[in-house]
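Now, the feature entries from Swiss-Prot:
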- 563, 567, 665, 669: Zn(2+) binding site (BINDING)
């Protein structure tokens, strides 16, 4: 039985053998295509090539493209887990011709890959094809050249109410490239309900589309006229999950190897015995979408792609809750996913820590409100009228508890209820209008904080302020007093604490009186007021109390150094890489600075070194940092750069470090660049298509980082008994030695396997005159089994060979049959029957097949069964 990874690789290998360039999957975040929320088809990355706007160094390409359909026009989210084939994430295998081959080769390639025993080997009688009603050329190729009988070819006309509106006619839009398509369907058999394509029962599970070839041969003009393209092209798609289900002889994608592995992992984590539970399917599907989206740079948020990701995570968490999850579990699935995805999981392995950290934080954040939200929903469901949940309740769940509408719809669906979506939209519109009409005073900040007036910030020049408490909030409510031990948000009339803005984190410190201490952990801005977030450690505080607000000085100084260094870094990046560099996001904390920016390609080591040299040179120059306030037009004339995502008023603050760096900025900065001390880049990489990220440390943190690096270098040199200057050379020598040893070990294993094979020839039994070898082998690697079987078949010339081994508590079975006997004894049938004896599944070709199982204690019985089975066949 072929695994998903093997099928993926075989597709790429086949088309590579046909002269196609293997192109890596593009990001799930489409590059330079604002019309798409996510990559949802293999052709997305080639859109400009098909339109003639871009040229590639090849005219034939093949890909294994990761895709997401959740949100926007292509939204499968609500069906995921409840059907056999809906997914949020899927892989689309594709082969493409850009003005190279056309219908004849495209059809022949597809048929060869699907039916040739060398590749997938599907039975031809199980396949049906559809063509566009007037595409006689495609029909004739299928019938006269490929040899598909006429009763297996179906013409599909305009079945969507307009000319050229058909399941078998594709168009990029109302105008532009378009053309007919031909599809291949697999017949799962009479045991499944459903009719042929084009019939009233076509949506059943019997006939499943597994291959689609689009022939881009026309350009549709605005008046509907079709003109032939000078260089027609081909776009082919094969859904990997669907094809895997076919190859593994199951009807549901969730029964295939990848999903079964994930489902069992979820069940094990949550102690679930019913593996058919639909919530297991939901979680198994959603971990794929979430992990790959995060790997491609999407982060959970309340808008755009980030909100779709958040919706998927929260749906998974809610289904985990249904399965009995009591703590964060979703993030624990990432390592298993990375492993089971094979080569396609390498990107997950590289970013595993980031993916798990993001998922865990989001899961824990939602868990805090999930229980309360579900309680509210359960109460509301007992009061529904006309089987419809009110839009008002659905909106409250969304607004207060973070329940996406489709999550609430999920719960209602389980009760056979619907949601008043129009009422939900009306509530959403009303909230937008309220926000738009409100003033800066008395505004509902984050649905909780309502304070008249504003907080005056005096912290640029003062780390301590005398202030009056004008607002107190605890447990999500406005209060008059807080007591020792309570967590709260304190609003002051003025403060020296900087609130998180422009990438700079909020200050921490102490708010105190003679008898009270409130430890501030963070500072956030709510409209025009600053919220000091923390815990009262002694005494009590009330609105109107006079307090002293003292910023944690050491932390502020470290943050300030990192912020000024970020400005120098931005200018250095533009100097080395070019003016295309634009800030796309940043983080300025006390420990590290992070800077995201537009950059289409990786940065070389020499470029990174030059960037670092420039920043440190500017630090050594000890430049005076100037702060000016001016109108926005004057700032623009001065050449000031604006921060990504920030909004500016008519009057702005301009931070300058001579002409080298001039930016609009409201953050805190050093007085002279020399105060930064030292700058050290510590990482660089991609976070999304066309977006790079660098991280750096400064001052004491940079010195500590260098000390740690030096310590690692010294320890490594001592461990390898080498001088630190020759450490690289020593490592290279060890690597070369390891490769030689590995090669010698493999040669020894092959030699031992050959010797074992020679011994087994002597032990061959005769059953009705046929050489039969049935053996349980010890200490033989799985990859050596096939070699041993082939060697025995060659030595015996006419034979049936059956081996069984146990490794890591798993059974491995292999059956080999020489071609003269394969008509009597089918290796695929035999290994499949044996696999059932050891709790597994398997199959393969008539002459060679492998299987696995999970019950090693039954291997001896399986081998005895094989002997009896062979004897019966012979």
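Just so you know, the numbers here start at 1 and follow the chain as drawn.
Placement of Cβ uses the backbone N, Cα and C atoms for every residue, glycine included.
Around residue 563 (Zn(2+) binding site), a 10 Å sphere centred on its CB holds 26 further CB atoms from the protein chains shown. Residues 564, 566, 625, 655, 663, 667, 668 surround the recorded Zn(2+) site, their Cβ atoms falling within 8 Å of the Cβ centroid of 563, 567, 665, 669, which are themselves excluded.
Residue 567 (Zn(2+) binding site) falls within a helical segment according to DSSP. For residue 669 (Zn(2+) binding site), the same-chain residues lying six or more positions away in sequence with a CB closer than 8 A to its CB are 560, 563, 564, 567, 625, 627, 655. Summarising the environment of residue 665 (Zn(2+) binding site), the number of other Cβ atoms within 10 Å of its Cβ, over all protein chains shown, is 26. Cβ neighbour count for residue 567 (Zn(2+) binding site): 24 (other Cβ atoms within 10 Å of its Cβ, all protein chains included).
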